[in-house]
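Here's the structure we're looking at; comments come further down.
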Amino acid sequence: MKRIPLSFILAFARTVCGKQFVLSFAPQSPANSQALFARRVPSREAAISLEPLAARPQRPAETKLFAAGADKSDGVVVNRGLVRQTVLNQALLGWTIWTGGIGAQVLARDASFTPAAFLAGVAGVVPLIVMSRLIETSESAAVADLNLSTNLLMLRYFGDKPQPLVAFLVSAPIAALTGLVEETNFRGLLIPQLLQSTGGSLPTAVALSTLLFAVLHANPLSFFQGRESAQDALVLISYQILTGSVFAALLLLTGNLAVPVISHSLFDFYVFFFTHITVTTQIQYAANEASMPIAPRSIEAKWQAKRGEEFLIGCKETFYLSDTNRDGVLSREELRIALYSYGMRLSKADSAIVASAADTDRSGAIDFGEFLEYVGPSGSPSKAIKGSLLGTCDRG
């Protein structure tokens, strides 16, 4: 199963610990809106404050997470407005396909949807999925916001409960539509036009079409919203250059436009569907762990008596939302990636200091008892972390 990036997990933990969850993204340009389906869209607004865990007006079972526009009927949650926006954007981009124009002509001439093309498309998506997995599990600060925004976007589409059938039925056709439209335009139409404009230089035509594909998936306003937003936009553009290069290579290697169409569709489906599943099952796991009863005279009972039940539940949710491999402990890597969502970008050395301060039994990982003893005296993770880095860590 795909491992959910921890940068999302603590952002959601912030929700269940008492702050209103606002899914806000930077203004989208029309081109960027076309890419909302299954795209990693960085947003600095996704960073969540770390203070305080104790303030908590709702119990976990009472907490609802539905984005504006999400429709709920008999337990089914779909943000129809967002789905409609995605479909309309792609429909407009593919206008010449539906009207029998040049897009339809290119598909009829250059795309042959045969079993061999499908197998080639499946093979072509493998390196993209490998790349995606490396990004999802990376502790690099460069991709932290990229991962977070992807996961938040899936929550906007489907809410916080696992809905495999609904997610499949919605994501599959949108993925197919996106792959068909974008490959027809960026590879089928644009490369031949650029080939003529560049005097027959195929490498130049492919490079320019790939660069345009990448740039149109980013929000141009990001470059005017500060250094960090500009860095996020550059990360996204680099990511899209890699994916676009794979799609272009598939077209050149096979001579069949159907192959990149199939690979593109499968990759978008992977990001869309499996992100939903891993995000929501992680939330479910954390909720189940947080609801477990506590033993008398345990560390949990100690801190419940000192700081109250709401503080203890909040800590449980934070801890188990961070435990992405669900082994009951936090590694240094998990801790570091999770803190990105709180705007705390620790180096490997600093994250090692924090992990060492919390890992009192020197097992190499932080169990929940150690986490409570680490956070409890100060009342919040941020204060405890700052104390560790300043050499003033307190113990209760």
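For all residues, glycine too, the Cβ spot is worked out from N, Cα and C.
Annotated domain 'EF-hand' per TrEMBL: 310-345 (among others), in sequence order.
Look at TrEMBL and you will find 346-381 (among others) tagged as domain 'EF-hand'.
What TrEMBL records for 1-18 is signal peptide.
According to TrEMBL, the feature transmembrane segment maps to 87-108 (among others).
Sequence-distant contacts of the transmembrane segment (115-135), counting only residues of its own chain at least 6 positions beyond either end whose CB sits under 8 Å from a CB of the stretch, comprise 2, 40, 143, 146-147, 239, 242-243, 246-247, 250, 254, 256, 258-263, 265-267, 270-271. Feature annotation from TrEMBL assigns transmembrane segment to 115-135 (among others).
Sequence annotations record features per position, and here TrEMBL assigns transmembrane segment to 165-181 (among others). Nonlocal intrachain contacts for the transmembrane segment (165-181), taken as residues 6+ away from its ends with a CB within less than 8 angstroms of a stretch CB, comprise 37-38, 76-78, 83, 86-87, 90-91, 93-94, 97, 107, 157-158, 260-269, 272-273, 276-277.
Per TrEMBL, the feature transmembrane segment maps to 201-221 (among others).
TrEMBL lists 233-257 (among others) with the feature transmembrane segment.
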